[in-house]
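So the structure is just underneath, and the comments pick up after that.
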Amino acid sequence: MIDDIRETEECQLRDPMDLFHSGQVVKICAPMVRYSKLAFRTLVRKYSCDLCYTPMIVAADFVRSAKARDSEFTTNKGDHPLIVQFAAKEAQVLCDAARIICPFADGIDLNCGCPQRWAISEGYGACLINKPELVKDMVRHVRSQIDNPKFSVSIKIRIHEDLKRTVDLCQKAEAAGVSWITVHGRSIEERHQPVHYDAIKIIKQSMSIPIVANGDIKTLKDAENVHHLTEADGVMVARGLLANPAMFAGYEETPLQCIQDWVDIALEHGTPFTCFHHHLMYMMERITSKQEKRVFNVLSSTSAVLDYLNDHYGL
């Protein structure tokens with residue numbers, strides 16, 4: 001499960017709430033299936049990302065199977081502050097997962113926002129926004145069973161058509177002791193429609209805990225604009241960071257140094273080729289021509305990619 005157990009045992013776990021008390025907007029890397037793994041988290045932390053999430057992990061599998069723990073979660077000494085996101089629908093299962101992860105991470109997040117059909121049909125993700133009492137119960141259970149008061153318990157949600165229901169959900173979670181709430185400003189049905197930043201602002205004004213804004217943030221300027229529009233305490237970014245992992249450091253497009261850093265980090269971590277290559281395809285999207293993409297995107301080995309980067313960019 002642990003990338004380097006000796007290092008991790010010596011690591012200093014952090015209180016993520018310190019970030020929200022810093023007076024600065026907290027810059028967060030979202031949980032992304034396949035992508036927000038240790039190597040990528042290492043990269044974005046080099047470029048002013050304050051807080052990183054793991055990809056979503058199904059809590060029941062994580063608790064039941066050592067094999068699932070080994071494949072789903074790796075960390076190391078520098079990988080902090082770190083939030084592990086779980087999909088869960090039973091309070092005790094979430095608590096058991098939190099207890100396993102507690103020595104190695106700084107908090108957990110309950111996914112109440114994933115709109116994928118498989119998740120909803122299993123009772124996970126966005127369907128939980130319609131079960132506020134269950135969410136409240138899960139938060140309260142983790143709070144009561146984890147001894148470490150600095151260990152954060154957060155939730156990530158989507159919004160209802162009727163915003164009063166979302167505010168009610170958030171207030172119930174706050175009463176149960178949730179640390180902060182990330183709001184993706186779209187409903188379950190909405191995919192590429194404009195984000196309802198006005199809704200995030202209303203939620204922020206209704207709460208006394210930190211609120212993180214999520215949705216369609218592609219540049220540092222977007223992050224600043226969303227902060228002003230919503231008054232949120234943090235911004236969470238997914239695709240914007242895939243396209244430009246140096247975004248939070250103010251770069252408009254991925255700098256060559258960031259591409260070099262990714263190559264070095266990925267090789268050091270033994271990142272599988274498909275993941276290594278996909279990240280580069282995202283990072284180079286804005287800086288390559290259609291013709292270059294046609295060549296680069298079909299490369300099929302690490303050595304071919306390294307040769308290409310050397311020949312075209314001197315990396």
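Placement of Cβ uses the backbone N, Cα and C atoms for every residue, glycine included.
Taken from TrEMBL, the feature active site, proton donor covers Cys114. Cβ neighbours within 10 Å of Cys114 (active site, proton donor), excluding its own Cβ and spanning all shown chains: 22.
As annotated by TrEMBL, FMN binding site applies to Pro31, Met32, Val33, Gln85, His184, Ala238, Arg239. Non-local contacts of Gln85 (FMN binding site) by the CB criterion (under 8 A, 6+ apart in sequence, same chain) comprise Pro31, Tyr53, Thr54, Pro55, Met56, Ile57, Ile108, Asp109, Leu110, Asn111, Lys156.
Marked as domain 'DUS-like FMN-binding' by TrEMBL: 29-291.
Here the binding-site residues are His184, Arg239, and the one whose Cβ sees the fewest other Cβ atoms within 10 Å is Arg239. Around the Cβ of Met32 (FMN binding site), the same chain contributes Pro55, Ala238, Leu242, each under 8 angstroms and 6 or more positions distant in sequence.
In this structure the C-alpha atoms belonging to His184 (FMN binding site) and Cys114 (active site, proton donor) are separated by 10 Å. Mean pLDDT for the domain 'DUS-like FMN-binding' (29-291) in the predicted structure: 97.
Just so you know, of the binding-site residues Val33, Ala238, the Cβ with the fewest other Cβ atoms around it within 10 Å is the one at Val33.
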